[in-house]
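Visitor: My questions all concern the structure below.
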Amino acid sequence: MGRHFGAVGIFCFAFLFLPVARGSVILRLIDIPFEHAARYHVWLGHLTMMLFSLHGLLYVIAWVIEDHLLEQLLDWKNTGTANLPGAISLLAGLLIWLTSFSPVIKLNFELFFYSHQLYVVFVIFLALHVGDFYFCMSAGGIFVFMLDRFLRFCQSRKIVKIISVKSFPCGTMEFVLSKPANLRYNALSFVFLHVRELSWLQWHPFSVSSSPLDGKYHVSVLIKVLGEWTAKLRGDILNASEAMLEEELPLKPNNKITAYVEGPYGHELPYHLMYENLVLVAGGIGISPFIAILSDILHRVREGMPCLPRNVFIIWAVKKSTEIPLLSIVDMESICPSFSDKLNVKTHIYVTRESEPPLEEDNVQSTVTSSTNLFVSSGSAVSGLLGTGHKGWSGLYLISSAVGFITLMVLLQVFYLNPYGISKWWYKALLFIACMAISILIFGGVVVALWHLWETRVSESEGHDDDGTKFDKLYHNESLTQQESGLKNPLKSTLIKFGARPDFKEIFAYLSQRWGHVDVGVIVCGPATLHASVARDIRSHSIRRERDHPIFHFNSHGFDL
C-alpha cells in the first residue's frame, strides 16, 4: 500500500509545478492566467503531500513491526530507492505543507513564504530517493518551472525607475513605474514587485491600475497597507520624503529604495471588452483593476477603437470614506469629454463602518483629488522579456532548452554512463537534474540574450530611452496640464451609502429589468467572502430568472492563495 501511494503521488507531483510557472507559454496556450492556475497548485499540493505522507507513514509502520526502523531510515542504496533522501524530502515537504494552510498564511505570511523556498530540497532529495527512471516521469513540470524561474531571474535583474509615488488620504500609494513602449499588458494584468531594502526574497503581486492606453511609457499600481511588508514600504517612502522636505530640497531621484518588477502577467485577452453590460464589484483595494478597466473603456470610446461595453455599473464596498478619493485617479471627462453620449457609467459606494458622513459633502468632495507626490527614484524601464503577447520568443526558448536537454542526455549516455558502467540510481538522477539546469543556462540563455537584444532594438526604434527620461517629462507635463485644467469631481454621478452593504439580489433584479435580455459580465475583485457572496447570488438569480432577463456571467479577478 505504501508503494502504491508513493507511485500515485509521483504522478500528482508531475503536475504540481506547472501552474506556478508564471510566464509559461503552456499556460498562455490553454488561456489560464497565473492567478487562477495557482489554485490548481494549491489543490495538487494538498493531494500530493497527503499521498506522500501516507506513503512514508505506512513504510515507517512496517519497519517498526519488523524492528528495523533506524536501519531502514538511514539506508542509502545505490540500486533501488534510497530511504534517507526520501525521509529528508518528506520532512521538507511536510514543513512546506503545514505552513501553507490559510490560517498560517494570514497569521504569518513570511513563515509561509520562506518555508516554501525548501522546494529545492524537496525536489532534489526526491530525485535522489526514486532515481532517474521514476523521476523522469514527473520531470516535465519541473523543467517548465525551471525555464520560467530562469526567465524571471533575467527580467528582474534591472532596477526599475519609479516615476512617482502619490499618497492618498486613506494611506494607499500609487506607484508609477517606467516601462518600454513595446511591453504589452492589459487592464486585467498584474505585476510582482520586489524591494530589496525590505526583503531579499519576497515578491508581492499587485493589479495594475492603469490602462495601456494611458501612456506608452508607464504602468501604475495601487498599494494599500495590509501587512508588515506594505507597512514597511510606506514607512520608508514617507521617511525619504520627509528627509527631503526637512532639508528644503526639491524632489529628485532617491536610491534608498530600489524596485524590481516581474511581469506583467494575466489574461492574454481583455475579457472585460466582451460584454455590452458590465458590473464591476470591488471590495477595498479591489477597485484597482476596475480603475484600469474604466480608463481603458474611456480611451477606446474616445479613439473609436473596438469596445463593446455600453453600460458600466460599479459597486464598491469600503470600510471608511477616506478610501473614496481613489476614484479621482480616473478623470472621465478629461479622458473622454463626450463619454456620456456613448457610455453610461454609474457608481454605488457602500461605506460599511461609518453610519454617516464624517464631513460635509462639499468638504468630502474637496478632498477627492488630494494626493501628494512623495518619491521618485532612478533606474531603467521594466524589462520586456515577460508580459503578454510574446508566444514566439517564449516558444523558441522552450524548444531550444528542450533540444539542448535531449542533446546533453544523449552525450552523457554515450560518452560517460555506458563506457564507465554508471548504474547508481541516485547519481544518475543527480546528473539528470544537472542536465536540465545546464540546458536552460546555455541553450535557453542564448535565446534569452537574443530576445533581450531584439527587445532593446525595438524599444530604441520606438524612441524610448532606457532610463525612462522621455516618459518622465511626458508624465509631469500631463500632470501639470491636469492641475491647470482642474479635475472633474467623480462624486457628482456617484451614490454613497453609509452604514450599508450591497444587496446583490436586489441589484441583479434591478439590472435585469433595466438592461433586458443582454448578457451581463460580472467581474469581482476583493476578499474571498465577497467573491463567494456574489457567486452565490448570481447562481440563485440564474436558477430563477425569467426568459427576458439577462444571464449574469461571473468572473473572479484577484490573487489569493
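Cβ coordinates come from backbone N, Cα and C, glycine included.
The domain 'FAD-binding FR-type' feature in TrEMBL is assigned to 155-271. Summarising the annotation, TrEMBL assigns transmembrane segment to 47-65, 86-105, 117-147, 278-298, 395-417, 429-454.
For each listed feature, how buried is it and what is near it?
Guide: With a cut-off of 8 Å between Cβ atoms, the residues of this chain six or more beyond the transmembrane segment (86-105) that come close are 42, 45-46, 49, 52-53, 56, 73, 111-112, 115-116, 118-119, 121-126, 128-130, 561.
Under 8 Å from some Cβ of the transmembrane segment (395-417) lie the Cβ atoms of residues 25, 143-144, 147, 151, 428, 431-432, 435-436, 438-440, 442-444, 446-448, 451, all in the same chain and six or more residues away from its ends.
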Visitor: Determine the mean pLDDT over the domain 'FAD-binding FR-type' (155-271), rounding to the nearest whole number.
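Guide: Over the domain 'FAD-binding FR-type' (155-271), the predicted model scores a mean pLDDT of 81.
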